[in-house]
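These features come from Swiss-Prot:
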ACT_SITE  D307  active site, 4-aspartylphosphate intermediate
BINDING   D344, E348, F377, T378, A379, Q380, T381, R382, M383, S384, K395  ATP binding site
BINDING   D518, D522  Mg(2+) binding site
TRANSMEM  35-55  transmembrane segment
TRANSMEM  62-82  transmembrane segment
TRANSMEM  219-239  transmembrane segment
TRANSMEM  254-274  transmembrane segment
TRANSMEM  588-608  transmembrane segment
TRANSMEM  616-636  transmembrane segment
TRANSMEM  656-676  transmembrane segment
Amino acid sequence: MSRKQLALLEPTLVRQALLDAVKKLSPMVQWRNPVMFIVWVGSLLTTLLAIAMAGGALTGSATFTAAVSIWLWFTVLFANFAEAMAEGRSKAQANSLKGVKKTAFARKLRAPQHDAPVDHVPAEDLRKGDVVLVEAGDIIPCDGEVIEGGASVDESAITGESAPVIRESGGDFASVTGGTRILSDWLVIRCSVNPGETFLDRMIAMVEGAQRRKTPNEIALTILLIALTLVFLLATATIWPFSAWSGNAVSVTVLVALLVCLIPTTIGGLLSAIGVAGMSRMLGANVIATSGRAVEAAGDVDVLLLDKTGTITLGNRQASAFLPARGVEERTLADAAQLSSLADETPEGRSIVVLAKQRFNLRERDLQSLHATFVPFTAQTRMSGINIDQRMIRKGSVDAIRRHVEANGGHFPADVDKQVEEVARQGATPLVVAEGEKVLGIIALKDIVKGGIKERFAQLRKMGIKTVMITGDNRLTAAAIAAEAGVDDFLAEATPEAKLALIRQYQSEGRLVAMTGDGTNDAPALAQADVAVAMNSGTQAAKEAGNMVDLDSNPTKLIEVVHIGKQMLMTRGSLTTFSIANDVAKYFAIIPAAFAAVYPQLAMLNVMGLHSPSSAILSAVIFNALIIVFLIPLALKGVSYRPLSASAMLRRNLWIYGLGGLLVPFIGIKAIDLLLTLSGLV
C-alpha cells in the first residue's frame, strides 16, 4: 500500500478548516445542528446586548457581556472547526482521487470484436453497453467487463498498490475500472455504467463529507441531544420571571451562559466530525464504504463469515507427504506424482515436484525428451496428469480418481479410503494418484493456518463476535482446520445457496452478519449481508452487491473493518459520556454564581471556591469552548480500541470518560478562574 497518509493536523488542512469554520457561521449551515444553533443564537443575542450596553441603551456590564459573547462565538467556531477538519481530510482524499480522472479519448468499436472498425470519441460520451478497445499505454475510459483479450493493468491510481494485475475475459478477473492504465497487450471492454456512475465517481462521492448522510445511531443520539436541549431551554426560560418576581432578576447574559453550559455542547459540536472521521479512517485502511451506515453496521456486527483460503490460511497449499497404497513403494508414488506435475504451474504442482526431489532426489525431467503429453486440469474432470507412451498417470480429487479408475476396469482400495479420511481429519487435502487402473496412493496437501489468527479469533470471541469459517473442503478437513484456527463454527462444502441460507438464518436470530466476496456467485450473499466487503479485484456484480470495497483485495481486512466500526461507535459513546459528565461538573460552577443573590443557600454549592459570580460564569463559558478544541484530535483519531466484552468496555469507558468528565471541569474551571483573577480581568 503506497497511498500517502495525512497527518492528524496537517497544516494546509488546518488553514483551510479555519476559513471553513468562519464560513459555517451562516445560519443556513448552523440550523442543521440544533444544539450548536442554540449557541449561535445565544452568541448573537449577547453580542447585541453588549453593543446596546456600550451605547447606553441598556444597563449592565458591557465588558462582561462582551467577554461572554466572544467566548460563545468561539464555542461555535471551534465546533465548526472540528467538522471542517474532518471534512477537509475527506476532501483531501477525494481530491487525490479526482487527480486520477483524466480527459481521454476512447476507441469505440462498432461491433463487439477486436478487429471491428473504431470511432474515436471523448470518454465522457460513452454509454452503458458501448464496446471499446484499449491497448498498451491507454487509460481505460470506463468501468466494464472484459469480453475479449487479456492484459496487464496498472491499478495503482485506485488501489495504491504498484504491482500490476492481470485482467482477462471470462472468470472472476474480467472486471476493469475506469482511470487505470493498460501496461501490455489489449482488451475489448463492454462499458457497464454511464458517465458519472463509475467506481471512481462513486469513490469520490463517498469520501466527500458533503455527500454524507447521518446514520441511524447518529440520528437517535441527535434526537436525544435535542430533547435535552429543549428541556434546559424551557428550564432556563422560566428562571427569568421567577427571579424578577423575587426582586433580583437574573440578567439575560447570565441566563444565556447558563443555558450554553447546561446543554451538551461538547458532543453536539463534535458529533458530525466523529461520523466524517469514521469514514475517513475506513478509507485510510484502503476500504471504501458506500455510507456511514455501513461503517456503523460494522461496529454492531456479531457474526463474521470468513473464507478459509487467504483469510484463515495462507492460501498456498503445499505438498507435505506421500502416502502409498498397500503394496506400493513410496518412491514409486513420488515418481508418478512428480511426473504428473512437471507441467503443472500451480503452487500445489510445483510443491509436489520439490517434495519428490527433496525426499528421493528425483530430478525434474523434460517433457519433450520423454515424448510426454500433459493433461491439464479442468473443472469437469477435476484431475490432471501426463501420458508417456503406454503410461497414463493422473492425480486429482478422490471422487474424480475413483471414477477414472473404475472406468478403466480397476477398483478403489479400501485402505486408501481410510487414508483419505485420516488426511482430511488432520486438516490436509488428499490428492489421489493413479496409473492406469491402479491407485498408487495419496499426496497430502497442507494449507498453513496464518500465524496469530487463533489469538485474533479469541479476541473477537471476548467481544461477543462469532466467527464462522466458509470453505469448499469436506467436513473432516473443515473441522480440523476450524479447530486449529479457533473459529466458533464452519460451513463445509459451501455453495452460494448455502452461504445465503446461513446469513438469513443468523439474521432471523437478530444478529448482524459481515462477510467478504469477490465472485459473481458471491453477489446474492453480499447483497443479503449487513456488512458486505467486496474485493476490488472481484467482479462488477460483487462490487455492486457489497456496501464496502476493499481496494487491497485482502479478505483478512474484514476483521479490521469491524475494528474501525467499533472504534467509531466507541468514540461517539465515550465523548457523549464525557460531555454529559462535564455538564454535571459545570452546574457546580455556574448555578451558585447565577443564583446566589436570589437564593443565598446555593452558595454552599460553590465547592471550587471561585472568585466571584462574574469570574465563575466566564470561567465556565471559556472552559466549555476550550474543551471542544482539546477533544478534536480524539474525535478525528478515535478512542484507543481494545477487544473487550461489552460489559468490560462499558466499565472502562465509565471510569475513563465518565469519571474524567466529572473531574476535568473542576480542575479546568478553577485554573481559568485563577488566571482571570490574577490578570485582573474580572
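Backbone N, Cα and C atoms are what each Cβ position is placed from, and that goes for glycine too.
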Distance, D518 (Mg(2+) binding site) to D307 (active site, 4-aspartylphosphate intermediate) (CA atoms, angstrom): 11
Assigned element (helix, strand, coil) containing D522 (Mg(2+) binding site), judged by DSSP: helix
Inter-residue C-alpha distance, D518 (Mg(2+) binding site) and M383 (ATP binding site) (nearest angstrom): 25
D522 (Mg(2+) binding site) versus F377 (ATP binding site) - Cα distance in angstrom: 24
Alpha-carbon spacing, D344 (ATP binding site) to D522 (Mg(2+) binding site), which is rounded to whole Å: 28
Alpha-carbon spacing, D522 (Mg(2+) binding site) to K395 (ATP binding site), which is rounded to whole Å: 29
Around the Cβ of D344 (ATP binding site), the count of other Cβ atoms that are within 10 Å: 20
